[in-house]
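If you look up TrEMBL, you'll see 235, 244, 245, 296, 324, 325 marked as S-adenosyl-L-methionine binding site. Residues or ranges marked as domain 'PRMT5 arginine-N-methyltransferase' in TrEMBL: 222-369. Per TrEMBL, domain 'PRMT5 oligomerisation' is recorded for 372-538. As annotated by TrEMBL, site 'Critical for specifying symmetric addition of methyl groups' applies to 238.
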């Protein structure tokens, strides 16, 4: 593109000499090796009408030319001042006509009215995230525009669709060997938490390349083990996570030692494993005499259980019950009741309802493993997840909770507890319905932030000090049985520094299903999501 080109300098009927030939590169080179850069003089919010009009004409011409070349993306210049309304309007118009090409909006981390480096307390200081947020709101959260303050402040960008980082040469230092390098702060900003390079990284990268070459996996479905029977492949995935079973074995061992003193080790302890799956939880060896009931409703998993019992020689110890635990009539009560019915949000796979039905198997002084579990939520910026949900263009997907491995997210505040369930529960007015009102405080040095939804986690107390969970501050190491849950907002919420985020969360129970409802009431109100479980529910 000719940098001296200005539409206003041309004759009315003149040919537009704004670019060189497209034949200088092959079509494949244009599409795979080139990122376009839009003229930096463009100012669509200028007070000068001539400049503003010329800027709009040039922007549309240059993007049309880039689209003709089939290049993958164009870098848009930074907005010149604090206002970018006309710029965003023009870009939004252009986005409607683009199918494959992306627009990368250049946003400096720190910006002043004249683009000089300024102190953040200066009156001319502009929060560049505010500038980006205003721009993307005016573009209706379109997924195609993508984009050294405090750690919390630049942490907001980890949840945004940042596509490229442009590093000024002035940012580099010189190390002791005379080579350019970046400061620790700049390194952390660029790499996030991935600065340490594992010695096996090249091998993992190659395996990743093979994985990317495979056909895409089908859309992930949530598990409903109470209503549906799981497949063998699913059980195998769960069973590969040895850390989970190690924690359960520790809990069972402690419970046995507390329940039966060594001098009474010859006494038989009745242990029931409800929802036995294919057997790992029943494989506890303690030295105590056990009588184990493995209760499993999935007839296909029962076949594997019978094979396992025969293989291990447990015929005199383990009795397999092929029945739904809610309807089984046990011949005797258990000393210890073991279950692994936890979901990513703790109770989202109906552990409370299942254990309510199984509690009648437990002696009055019996032990339940787990003894309790608690769900947690925290507000997150997750533009990619939001845009993925938005792409479905319907209400149902915005009112559905998703199990996801959170990666490009900014965690804006620490997790807070939502619901806790304790077992056994002998209260007379027992209900599994819950309601919680929470208020999150975003750190002031974070600046403004966009909340796209909640990340959900859980932590379970198996027995006494033995716990298991995925809540970030207390997560069990080397756990991959559960990923986090994501509860999206239909409309993202912009939080200003110091403003609280007030949240309401419900767990609702019907005769045939259980569901969650959620909403925000501050700083502004959102409609209650998933009312009456119209979009997302778990069947009983």
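Placement of Cβ uses the backbone N, Cα and C atoms for every residue, glycine included.
Feature map: annotations from TrEMBL on the structure.
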| residue | record | DSSP class |
| --- | --- | --- |
| 244 | S-adenosyl-L-methionine binding site | helix |
| 296 | S-adenosyl-L-methionine binding site | strand |
| 324 | S-adenosyl-L-methionine binding site | coil |
PLDDT averaged over every residue in the domain 'PRMT5 arginine-N-methyltransferase' (222-369): 78
Cβ atoms near residue 324 (S-adenosyl-L-methionine binding site) (within 10 Å, other residues, all chains): 17
Protein Cβ atoms within 10 Å of residue 245 (S-adenosyl-L-methionine binding site), excluding its own: 17
